[in-house]
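J.: My questions all concern the structure below.
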Amino acid sequence: MRDTEDLRSRFRARFGNKGRPLRAFFAPGRVNLIGEHTDYNDGFVLPVALELGVTVIAAPRDDRRIRVHSQDLGQTAELDLDRPGPGKTGRWLDYIEGVAHMVDSRIQELRGADLLVAGDVPRGAGLSSSAAIEIATGFALLSLAGASVDRVALALAGQAAEHGFVGTRCGIMDQLVSTCADARSALLIDCRSLTTEPVPLPGGPFSILVTDTRKRHALASSEYNTRRAECERGVELLRAALPEVRALRDVTLEAFERHVSLLPEPILRRVRHVVTENARTLTAVDALRRGDVAAVGVLFVASHRSLQHDYEVSCPELDALVDLAIAQPGVHGARMTGGGFGGSTVSLVDESAQGAVMAAVREGYRRRFGVEPGFLVTHGGAGAREIDG
Ligand code: GAF
């Protein structure tokens, strides 16, 4: 989290506070432990919120305009809540404008605000910096309007902003973990009912190590939308034999195997990934509750192979990071995390081996790609909140 005192003085220098109280809000990014590309199939996911995220310093205005300054990009922009733009400009402002418009039209009429936004989640690293911007901004605007924050409604408004203003038909995982996470816990989300359940991380001496390929996920949006359409096609085809199926969540492994002949390539492999990944996620929750980190690690590797070969959303950089990590003693498992095509991996590592694992992965990756990977360790952060001044 960024130093809020420093951000408050930057806010005053930019906007002046004109006697207005300044309030500070924070929402985290996330790393997904397991349950990848299952959320938009009504399935299960198990993300962890990071200690890193987006901080918003906010003060109310008397009109319906939003002036916003991005501290990280050094850019300022202005929006009118009564005249939302079309979005999809590819700029950071799409997230702000999108969430402001969705909250205003779906949850609560907003008042104008001056906002200073600053983040510390590496952008494009597959750690959901965009959900953190949406949720921190939406939380701030709702709080300035005097509303108590309905966390599920806010997550849905963030997702609607992505669909309507950004152009990615994302699932609900990133927004929901950013609003609802508990510290030191993973969050099991049932993406059909939108119920969430914290799963405490075992207290033992192991680390959740995130490794950034430093390859920005350029293809992500178009390929993401293609995968989603392929899953929808899989549902249509399976409904010929299984009319009760509403989403791939409803397809068991046995039913999939029985009706596999209905599915042409590559739909067959896309469906197989989702069906097996849902099962792996629920198995991982049980293993985590027993403190069986080794069993979770095995599921991580199976998840990665499925994403690599069946769902085809990995890339050579992600595969190399996984292979380098799992070759090291003290690593229980590793997999890509997030949408794919770049971004980061997540590994479960014995704490005592962490330094040696990072050194070996750094060296192997640099030799192959000429780039240093980025590392971060998380113990699980808490969801969106107001920060005391
Ligand atoms: C991205 C999306 F935003 C999520 O909703 C999820 O589908 C993820 O990719 C893949 O699991 O982060």
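Placed from the backbone N, Cα and C atoms, the Cβ positions cover glycine too.
Grabbed the feature section from TrEMBL, which reads as follows:
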- Asp174: active site, proton acceptor (ACT_SITE)
- Glu36, His37, Thr38, Asp39, Tyr224: substrate binding site (BINDING)
- Ser70, Gly124, Ala125, Gly126, Leu127, Ser128, Ser129, Ser130: ATP binding site (BINDING)
- Ser130, Glu162: Mg(2+) binding site (BINDING)
- 10-60: domain 'Galactokinase N-terminal' (DOMAIN)
- 95-180: domain 'GHMP kinase N-terminal' (DOMAIN)
- 285-366: domain 'GHMP kinase C-terminal' (DOMAIN)
- Arg30: site 'Transition state stabilizer' (SITE)
J.: Do you know which of the binding-site residues His37, Ser70, Ser129 end up with C-beta under 6 Å from ligand 1?
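T.: The qualifying binding-site residues are His37.
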J.: DSSP on the domain 'Galactokinase N-terminal' (10-60): how many residues come out helix, how many strand, how many coil?
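T.: Output for the domain 'Galactokinase N-terminal' (10-60) reads 9 helix, 29 strand, 13 coil.
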J.: Taking DSSP as the reference, which of helix, strand or coil describes Ala125 (ATP binding site)?
T.: coil
J.: Relative to the Cα of Gly126 (ATP binding site), which of the recorded positions Arg30, Glu36, Thr38, Asp39, Glu162, Tyr224 have a Cα no more than 10 Å away?
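T.: Near Gly126 (ATP binding site), where near means Cα within 10 Å, the recorded positions are Arg30.
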J.: Of the residues named as substrate binders, Glu36, His37, Thr38, Asp39, Tyr224, how far apart in Å are the Cα atoms of the most distant pair?
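T.: Across Glu36, His37, Thr38, Asp39, Tyr224, the two farthest Cα atoms sit 12 Å apart.
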J.: Ranked by the number of other Cβ atoms within 10 Å of their own Cβ, which of the binding-site residues Thr38, Ser70, Ser128, Ser129, Ser130 ranks first?
T.: Ser128
J.: With DSSP assignments reduced to helix, strand and coil, which class does Ser70 (ATP binding site) get?
T.: strand
J.: In the predicted model, what is the mean pLDDT computed over the domain 'GHMP kinase C-terminal' (285-366)?
T.: 97
J.: Out of Gly124, Gly126, which has the highest number of nearby Cβ atoms, where nearby means within 10 Å of its Cβ, if these are the binding-site residues?
T.: Gly126
J.: I'd like to confirm something. Which of the recorded positions, Gly124, Ala125, Leu127, Ser129, Asp174, has a Cα closest to the Cα of His37 (substrate binding site)?
T.: Asp174
J.: Where the distance is taken from Cα to Cα, which of the recorded positions Arg30, Asp39, Asp174, Tyr224 turns out closest to Leu127 (ATP binding site)?
T.: Arg30
J.: Considering only the recorded positions Arg30, Glu36, Thr38, Glu162, Asp174, which residue has the minimal Cα-Cα separation from Ala125 (ATP binding site)?
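T.: In terms of Cα distance, Ala125 (ATP binding site) lies closest to Arg30.
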J.: State the count of C-beta atoms found within 10 angstroms of the C-beta of Asp174 (active site, proton acceptor), not counting that atom itself.
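T.: Cβ-Cβ neighbours of Asp174 (active site, proton acceptor) within 10 Å number 30.
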J.: Recorded positions Glu36, Thr38, Glu162, Asp174: which have a Cα within 10 Å of Arg30 (site 'Transition state stabilizer')?
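T.: Asp174, listed in sequence order.
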